[in-house]
Structure formats: structure tokens, C-alpha cells
Amino acid sequence: MATSPKSTFVLGHRHLLGIEGLSAHDITGLLDLSEEYVELNRQVDKKRTVLRGRTQVNLFFEASTRTQSSFELAGKRLGADVMNMSVSSSSIKKGETLMDTAVTLNAMHPDILVVRHHASGAVELLARKVDGSVINAGDGAHEHPTQALLDALTIRRNKGRLEGLVIAICGDVLHSRVARSNILLLNTMGARVRVVAPSTLLPPGIERMGVEVARDMREGLNGADIVMMLRLQRERMNGSFVPSSSEYFQYFGLDQKKLAYAKPDALVMHPGPMNRGVEIDSIVADGAQSLIREQVEMGVAVRMAVLEALARNLPNA
């Protein structure tokens, strides 16, 4: 069995519902603990026992492969009993409300619930009805805190810092919980954030979040240290936000020509899943400047760190 972590960081919150509300100290503590798990996950023995005897329920109202499997693996490596609830075959499909589901689950005394929901704010509502800790695995276009944390860890490991870096977040900012959480985190940590998108994919008043706004890639990528592409989320679109996928790629898809607008040592990120040929070219996605595969690796480490940090607040921990 692997040794205990050196970090003694305790997150001063019962839940992780978003990046909003986290201090720079909180974020740094989670990233430092995550670093330990990066190294652990590269060893033969990846097990720890910090969640032994604890129950983790993964409740996903939206389909997910990466995030759900990452949380499942994280919980199991920490020794938790992990249960994945299938919404498609549950009482929710039979008309049970979100609050009814929360009350029912709470009666089973889970220690940690990992929840994804299509409605912004739904995870926070559920958290009010349960006794255990709740982790927001994505709620509508609101927040996705563990994605922002894993992105920050990836950047810090490759650039050595977050403060002072120019981060260009490009694409469907309007519908992206990843963009919102990253903006909040990066601003807190002193990065310079720029969003790049057509006007139809920019939230009204986005400047009030403390970001620069560019409406073309040449301007947006100029001097960027990190180019973070976002998926075009057609499932959240009820109108015509872009003329066509091919035209969108022509102006806002990341190819080698547009990447050259950024710094020569700029690195490329994408939260996945990627629409190749829509928001990013395969040559760039699979190229030497891409951190996309590393982001997946960092995801497991970050989720292990979050689970452990919250578990330290649980009764009898």
C-alpha cells in the first residue's frame, strides 16, 4: 500500500460546488496535493486508504465518459466504495424530482456525492438536502471546478507558474462551464485571461469577469502562453450561433497557421471531447505543443486530491 500524503492541506469548505469562493490558498493547496497524486499514479501501487469505509456516489444526469470514469478511478484508488447511478434506469426517469432523489440518497448515508446536472445551480440545490460532501462535476453552463483545477495543474507543471501568463480561451464561451471556472481560477491566481470568440458565442457583459475580449484569432492569440480551445456545444444551442462547422473552423478553429499568432513556446489545451476539424485541427491536437493527453492524466490526480481534501472534513475523519 502506498505511503500517506505529505500535504496536510484541509479544504475549508464542506462541498466543492465551484471555483467561486475558493481563495488562492485553497487553489494552491489543492494543486500541491494533486502533485503528490500525479507521482502516486505513475507507480505500480496506486492505492491509498484515506477513503476506506467511505461511500462515494457518482450521480450523472448528463452523459459523461471522461469525468465520470476519472472520479470513479479516483475514488477506488483512495479505497472508497464507489457506486455509479444510471439516471436512464433510475426513478428520475419515472418522474422523481431532483429533491426527492437527494432525500432518497441521503437516507442511504453516502459520504461523498459527485453530481453532474444539465441545469445551472442544480448541484447546489441538491447539496442543501444531503449530509455528506458534494462535488460539482458540471452544472449546465455554470461551473466545472475540477476541470479548471486540472487545467491549472497542467499549466503549472509545464510553465512553472500561473501568475502573469497570458491565457487565451477560445470558442464557445457562451455555453461553457469550463470557461467560467477557468476564468475564475486564473484570475484568482494572477493570470491574464483573454476570451476569443464570435460575438454570438460571447456571454453579455463577459468583460465584467475581468477578461480581455477578442473577436478574431489573430488578435486573441497574440502573445498567448496558453491556447485553450473549447468544444462547440451544439446540444446547448437552440438557434443558429454559427453559420456552419466548416465556416467556424475557417475563422475560429485552431490550425498551425493560427497557432503561429501565439508565442513560439505556446501550449495547446482542450477539455475534451474534441470536435476535430471544427474547433481544432488534428495536426495541432496531436502535435508537440499539445497538452491534451496530459490533461486527462492530471484529471485523476486532481480528483483524488479533492476527494481527500473533503474527506478530511468528514465526521470521524
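Glycine residues also receive a Cβ, built from the backbone N, Cα and C atoms like all the rest.
These figures come from a predicted structure and were not determined experimentally.
Some features that Swiss-Prot has for this protein:
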BINDING   Arg66, Thr67, Arg116, His144, Gln147, Gly272, Pro273  carbamoyl phosphate binding site
BINDING   Lys94, Arg177, Arg231  L-aspartate binding site
Cβ-based isolation winner (fewest other Cβ atoms within 10 Å) among the binding-site residues Arg66, Arg177: Arg66
Recorded carbamoyl phosphate binding residues, Arg66, Thr67, Arg116, His144, Gln147, Gly272, Pro273 - maximal Cα separation rounded to whole Å: 16
Other residues, Cβ within 8 Å of Arg66, Thr67, Arg116, His144, Gln147, Gly272, Pro273 Cβ centroid (carbamoyl phosphate site): Ser64, Ala137, Gly138, Val178, Pro271
Alpha-carbon distance [Arg177 (L-aspartate binding site); Gly272 (carbamoyl phosphate binding site)] in Å: 13
Lowest local Cβ density (other Cβ within 10 Å) among binding-site residues: Arg116, His144, Arg231: Arg231
Inter-residue C-alpha distance, Arg66 (carbamoyl phosphate binding site) and Arg231 (L-aspartate binding site) (nearest angstrom): 14
For Thr67 (carbamoyl phosphate binding site), the number of other Cβ atoms found within 10 Å of its own Cβ: 22
Candidates Thr67, Arg116, His144, Gln147, Pro273 (binding-site residues) - the one closest to Arg231 (L-aspartate binding site) by CA: Pro273
Cβ contacts of Pro273 (carbamoyl phosphate binding site) (under 8 Å, same chain, 6 or more positions away): Thr65, Arg66, Arg231
Candidates Gln147, Gly272: member of the binding-site residues with the richest Cβ shell (10 Å): Gln147
